[in-house]
Amino acid sequence: MSDAPSIFTKTSAFSLGGVLALGTIAYLSSKAFLPKNAKWQDRFTFIWLAFDALIHFIFEGSFLWSSTFGRQVNTETHMFGAMWREYAAADFRWGVSDPTIVSLEILTVFGAGFLCCYILKQLASDDPARHYWLIVLSTAEIYGGWMTFCPEWLTGSPNLNTSNFLYLWVYLFLMNTIWVVIPLWLMYDSYTHIAGALRSTATSKVKTI
């Protein structure tokens with residue numbers, strides 16, 4: 001009787017360990033660039049944006065490198081190629097340079113990645129204008145997630161492998177839902193700041209009339 005192939009492999013551990021390492025770097029960055037008395041909302045936002053930028057540039061940047069100019073993840077031999085083949089076992093499109101996925105990732109790396117860095121600079125200098133850009137970034141992140149999965153859902157999800165816990169609940173659900181839940185919270189938080197400032201200005205104008 002042969003043993004069943006292992007789902008959680010060394011590549012799985014490398015991939016998840018890499019995510020944890022980037023999260024740790026993001027946390028330490030918040031300690032270095034924000035004052036000790038920073039509000040928890042600002043610290044959380046900084047950690048998220050730093051983590052987001054690192055994911056976009058390092059992980060998703062490696063995907064772009066492996067998926068453009070005739071390359072594809074399924075034939076790459078470097079360590080990031082192995083990591084993306086691991087994810088492509090859950091969503092086959094990432095292994096074959098699917099044009100919709102690659103197009104979205106170009107915007108993600110070169111648009112969202114650099115926008116994260118710009119907002120981090122605003123956060124470090126306590127510039128309230130960051131709230132506008134947080135809404136722009138969050139909207140783009142949510143839209144990107146929608147366009148990644150909606151075409152699959154409409155066609156019966158032929159490229160999604162939901163046969164085990166790791167692929168379904170860790171790779172497909174957790175690793176994508178986090179880019180919906182946190183941007184929604186950021187949009188709400190920034191809305192309260194922008195709306196509060198506008199209402200305060202309107203009230204002040206009424207009092208001066």
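Every residue gets a Cβ built from N, Cα and C, even glycine.
Remember, TrEMBL labels are computer predictions, not curated facts.
As given in TrEMBL:
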DOMAIN    41-187  domain 'EXPERA'
TRANSMEM  12-34  transmembrane segment
TRANSMEM  46-65  transmembrane segment
TRANSMEM  101-120  transmembrane segment
TRANSMEM  132-154  transmembrane segment
TRANSMEM  166-188  transmembrane segment
When pLDDT is averaged across the domain 'EXPERA' (41-187), the result is 97
Please report, as numbers and ranges, the same-chain residues at least 6 past the borders of the transmembrane segment (132-154) whose CB is under 8 Å from any CB of it. 45, 52, 93, 100-101, 104, 107-108, 111-112, 115-116, 118-119, 122, 160, 176, 179-180, 183-184, 186-187, 189-191, 194
Determine which residues of the chain contact the transmembrane segment (101-120) at the Cβ level, with the cut-off under 8 Å and only residues 6 or more beyond its ends counted. 33, 46, 49-50, 52-53, 56-57, 60-61, 63-64, 67-68, 93-94, 130, 133-134, 136-137, 140-141, 144, 147-148
The domain 'EXPERA' (41-187) - residue tally per DSSP class, helix then strand then coil: 118 helix, 2 strand, 27 coil
